[in-house]
C-alpha cells in the first residue's frame, strides 16, 4: 500500500519490558521516552509518530497487545487516505556490538530459557498453519537502502537473517504475517547493540542469570577491552556470577580491579566479595572483609548467614546470628529461614524449637510462607513427623512448596498411607506435585520394596512429563526398580534417559550391586570413565564394594580403582577409604588395608571399624584388639558394630579370654547393651573353644532366650566336643520338651 506517492507516513514503535532479574531493557527505555523526544526535536511534516508500545517479554503474552495495536493502526480510513504505515520493532541482541536490521523471521519457537510466563517451547512452529519450522517471512522494507542511509549518517549498522528463536523472533513472525494478510503495512525489526555501561551490565547479569557464566565473563572482558568503566553494579554482578559458577580465580582477579578502582567500600560490592570468599571456603578472609566494613546492615548479615547455611557450617551460622543480635540488628524472614535450615542440618531440635517459638511470638510463622515451609522442612530433617504436620496445618495460605514438603516428610519417613492421603488432598486443592514429592515416593517404594506403589508413581510421572526433564526423577526410578529386584525395568529406564548423567549411572551401579549383578556394576564404572561421564565418591565406593564380592575382584582391579581414587583426590573421603579397606581385606591383603587406614588424615569410628573388620576377616584378632585400644586412646567411642567386628576377630582367632573381656566391657565401660548378634558371636566363640557350660549360661541370660539359631549353634558345639549332658538340655529347649 502507498506505492503511489503516499500523502503521509505513520510509524508505530514497539519494544519489550525488562526481563526478570535485570535492571533495564534498552528497548523499553527507548520506546517509553520516544514521544517526549519527538515532541522536543520534531519530525518531517509528512511523518507522524503513532503508538509507542512496550510488550511483555513473553511469546503468547505479547500477542494480545501486539494484535490490538496493529488492528487499530491499520484501519479502513488509513487505506482510503493512502497513508503508509510502518511498524518498527525494537529488540535486544545480547551477542552483538552493533545495530542489526532483521531481514526475516522464522516459523520456529525454540526458547533457550522460559519466558516471563514460564513458557519454553522446543522446535515448535510459531503458526502451525504456515507449515514447518523452516518457513520464513521477509520484511517488505528496502533494508539495503535503509542500511546505506544509516551508514552515511555514521551509524554502525548491519543486516541480519537470524532474529534468534526467542520472543523477538516470535513477535516479528506474527507481525510480518499480519502485514502480509492486510497488505497494508511495512514491518522492520531493529535489534540494539551493546555500547553503554547500563547495557553492558544488563547483558552480563542476564547471561549469568540464565545459566551462561562463561559468556557473561567474556562479555565483561569485552566491556573492559572496549574501555567502558565498571560501576558498582558491574562488580557486584560479575562477582556474583563467579561465586555461583565456581570461577574463584576469576573472582579474585575481579577483586583486584575492585581495589584498583576504589569500590571496596561500596556495600553491594563488599557483600559480593564476602559471598565469594565464603563459597571458596576462605571463611577467615570473608569474615575479615565483613568485620572491617563499618556499615553492616541486615542484608549483609543475611548474606553471611546464607553462605554458612549453604556450606553446611551450622556452628558458624548460629555464632554469627548471636553476634548479629549483639549489634542490635533484628532478624527478618530470610534470616529465620537460614537459621531454621541450619538447625535442621545439625538435627538441633532444641535450637529449632526456640526459633519456632520466636516465629510464633512475632507472627512470622503465619505471615511468611517461606518461614512456615522452613519449619516443616526442619521437623522433617529431625524426624519429627508429627511436628512437621502440625506446622503444615497452621499455615494459612499454603503454597505448592508447603504441600510438597509435607508429602515428602511422610514419604521420606516411611508413612506411605499418610503420604498418599496428603498427595490426594494436594491435587484436590489444585496443587501440582514437585520433583521432590515424586523422589520421596520413589525412595519410599525402594525402602519398602513396594514395586506396586513405585509403578503407580511412575505412571503419574509419565503423565506430568517429569521423566524426561529431571535427572533426580530418572535416577530415583532406576534406583527404585533396582531395589525392588526388577533389574530389567531399571536398565530399561536407564537406556531411555536422553543424556546419561553421573547421577543416573550411579543409580544403575548401586541397583546392579543390590541385585548381585556385580560384574556388570564393575563394567559400568569402566564405561563411565571411557565415555567421559566421570565419577564421584558414590561411583568409587560402589565399584569397590562390587569388587569385594566379585569374581573379578583381584588385587590388580583393586589397585586400579585405588589409582582413580588418588588421582581424583577422594582418598580423604571416609566412605571411599572404608570401601578400599574392605576391598583389600577381602582380597586377602589386609596389609594394604592398613596402609590405606594409616594414610587417612583423621580416622573416625567408621574407619577404625572397617580396619578391625578387615583384621577379623583375615583371622588377625590380636591386631583388631590393638586397633580397638588405639581407638579408645584417641577418645573415639566404639559403637555396637565395632564391638561385633572385634568379637568376630576373637572368634576367628580363638581368643576366648580376650573376647569375654571385650563382651563384658561393652555394658560396664562403654554403656552399650549387647544385642542378639553379639550374644550369637560369643556363643559361637565359647562353643568352638569347648566352654559349653559358659555358653549355655550366657544364652540363658540373653535378652532373647529362645532364639533357635543360637541354641542350634550351641548344639553343634556339643556334638563336636561330645558333651551329651549339655546337648540334652539344649535339645529339650529346641524341641520344647
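For all residues, glycine too, the Cβ spot is worked out from N, Cα and C.
Automatic prediction, not curation, is the source of TrEMBL annotations.
Sequence annotations record features per position, and here TrEMBL assigns repeat 'PPR' to 196-230, 297-331, 399-433, 501-535, 604-638.
Within the repeat 'PPR' (604-638), the DSSP-based counts of helix, strand and coil residues read 26 helix, 0 strand, 9 coil. This prediction places the mean pLDDT of the repeat 'PPR' (501-535) at 91. When the repeat 'PPR' (196-230) is classified with DSSP, helix, strand and coil residues number 26 helix, 0 strand, 9 coil.
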